[in-house]
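Participant: Before I ask anything, here is the structure I am working with.
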Amino acid sequence: MTAAASAHIDPPTDLWPAPYARGAVDATVTVPGSKSVTNRALVLAALASEPGWLRRPLRSRDTLLMAEALRTLGVKIEEGVGPDGSGEAWRILPSPLRGPATVDVGNAGTVMRFLPPVAALADGPVRFDGDPRSHERPLHGVIDALRVLGARIDDESRGALPMTVHGAGGLDGGTVEIDASSSSQFVSALLLSAPRFNQGVEVRHVGSRLPSLPHIRMTVDMLRAVGAQVDEPEHGGAPNVWRVTPSALRGRDLVVEPDLSNAQPFLAAALVTGGRVTVPDWPARTTQPGDALREIFTEMGGSCELTEAGLTFTGTGRIHGIDVDLGEVGELTPGIAAVAALADSPSTLRGVAHLRLHETDRLAALTKEINELGGDVTETEDGLHIRPRPLHGGVFHTYHDHRMATAGAIIGLAVEGVEIEDVATTAKTLPDFPTMWTEMLGA
Ligand SMILES: O=C(O)C1=C[C@@H](OP(=O)(O)O)[C@@H](O)[C@H](O)C1
Ligand SMILES: C=C(OP(=O)(O)O)C(=O)O
């Protein structure tokens, strides 16, 4: 091989000029289904004792990886229209779970955490691997707990991917203590499969903070909706113990709610441009953390109204800073940080130390990228301090993080010349983002 042929050549950087808003947006934006609901529903349907339907599922990298992994384990997932003939749907036909199998988790926290307990129920080895970042994201809570509950796992990297779960056709289950302070998904993962464990499960969180409680509530609600019995005694006002009784699960006909965290950049556009955006089908009641945007973005200067048409969010063009604990709604942090960088007063975002272990180290990435556009952001122990300053154009790097890309697009609305690196990374949860964004702006 010649020196030139062996030299490492960086691929050309893919830059997307973020559209600058010349006026107030006025748009209705239909947001695809929730990632968190779709992937929980797929797992529960795969573990059920009868077929189920999933209508308006999200079709994005994370959910297609989940569907593909379940197919590899023997579950049939067919394309179809829902039983009432409306909308696109998946029909899920559970079958005995089989190994050997190989699961690609990509960089999906839901796939890498929710599927190892399912694999323990398969009748052979299941190998898990994914993107380089998946090797760095914490998984010890799931691995250690599954071992206590009776599973055999080879994790050559000790507590991380890649690993092999040696499915034995069933799992004892029982009582386990875990530290879920680095990810709520450890708790959700164990609860979702627990009705199929011989003794069910009792999970006790023993760590310091427990992030993303609404996502654990989503798990509990969705389990109950398919007939599982879940008890969650409260401790100091919040649950820290969950008990799931062994039982058969019903097949469900579920219409997936729009992804309210993916609605965030569009609502932010109303706030930033002093415009108006309506998101149809905004649920009146939901466990999705994105529902907190109604309160957070209102405090930051807008107003919202929930009607038959959906949620209409209206901005005034003035954005105020905010001091807020985002521990329960961590995945909203990049979008809130982007809006905060454009505000008329400083912001402090707290309670999100665990974001250092998300798709990328989000606290470091937001600090670096906003500061490179002229901003003044500092990392704190558990969040960000953002002092707004006039920003200028430049490249906004995204680190394979969909929410970094949408955060950069929000800033680009108000700052001319922002270019988003690898906007295609939004395909993790919202493949049509660039088109939806330009359509919202009337381009
Ligand atoms: O269970 C879920 O669907 C999720 C839980 C949260 O994870 P962490 O608790 O790891 O933050 C959230 O950030 C992620 O986007 C989705
Ligand atoms: C943290 C996120 O994803 P994951 O499910 O991969 O943890 C996210 O979507 O913001």
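Note: Cβ is positioned from N, Cα and C throughout, glycine not excepted.
Source: prediction; values computed, not measured.
According to TrEMBL, the record shows the following:
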type	residues	note
DOMAIN	22-435	domain 'Enolpyruvate transferase'
BINDING	Lys35, Gly109, Arg137, Gln185, Arg362, Arg403, Lys428	phosphoenolpyruvate binding site
BINDING	Lys35, Ser36, Arg40, Ser183, Ser184, Gln185, Ser212, Glu331, His358	3-phosphoshikimate binding site
ACT_SITE	Glu331	active site, proton acceptor
Participant: Among Lys35, Gly109, Arg137, Gln185, Arg362, Arg403, Lys428, listed as contacts of phosphoenolpyruvate, what is the widest Cα spread in Å, to the nearest whole number?
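Facilitator: The two farthest binding residues have Cα atoms 19 Å apart.
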Participant: Considering only the recorded positions Gln185, Glu331, Arg362, which fall within 10 Å of Ser212 (3-phosphoshikimate binding site) when distances are taken between Cα atoms?
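Facilitator: Checking Cα-Cα distances against Ser212 (3-phosphoshikimate binding site), the recorded positions within 10 Å turn out to be Gln185, Glu331.
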Participant: Here the binding-site residues are Ser184, Gln185, Ser212; which one has the lowest number of other Cβ atoms no more than 10 Å from its Cβ?
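Facilitator: Lowest Cβ count within 10 Å among the binding-site residues (Ser184, Gln185, Ser212) is Ser212.
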Participant: Just to be sure I understand: of Lys35, Arg137, Gln185, Lys428, which binding-site residues have a C-alpha no more than 10 angstroms from the C-alpha of His358 (3-phosphoshikimate binding site)?
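Facilitator: Cα within 10 Å of His358 (3-phosphoshikimate binding site): Arg137.
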Participant: Grab the pLDDT values for the domain 'Enolpyruvate transferase' (22-435) and give me their mean, rounded.
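Facilitator: Summing pLDDT over the domain 'Enolpyruvate transferase' (22-435) and dividing by its length gives 96.
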Participant: Please check each of the binding-site residues Lys35, Arg362, Lys428 and report the ones with a CB atom less than 6 Å from an atom of ligand 1, ordered along the sequence.
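Facilitator: Cβ under 6 Å from ligand 1: none.
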Participant: Can you list which of these binding-site residues (Arg40, Arg137, Ser184, Ser212, Lys428) have a Cβ closer than 6 Å to ligand 2?
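Facilitator: None, by Cβ distance under 6 Å.
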Participant: Take the Cβ of Arg362 (phosphoenolpyruvate binding site) and count every other Cβ within 10 Å, whichever protein chain it belongs to.
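Facilitator: 25, counting other Cβ atoms within 10 Å of Arg362 (phosphoenolpyruvate binding site).
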Participant: How many Å lie between the Cα of Lys35 (phosphoenolpyruvate binding site) and the Cα of Glu331 (active site, proton acceptor)?
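Facilitator: Between the Cα atoms of Lys35 (phosphoenolpyruvate binding site) and Glu331 (active site, proton acceptor), the distance comes to 12 Å.
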Participant: Run through Arg40, Ser184, Glu331 for me and report the recorded positions whose CA is within 10 Å of the CA of Arg403 (phosphoenolpyruvate binding site), in sequence order.
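Facilitator: Close recorded positions: Glu331.
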Participant: Between Arg137 (phosphoenolpyruvate binding site) and Arg40 (3-phosphoshikimate binding site), find the distance joining the two CA atoms and give it rounded to the nearest Å.
Facilitator: 20
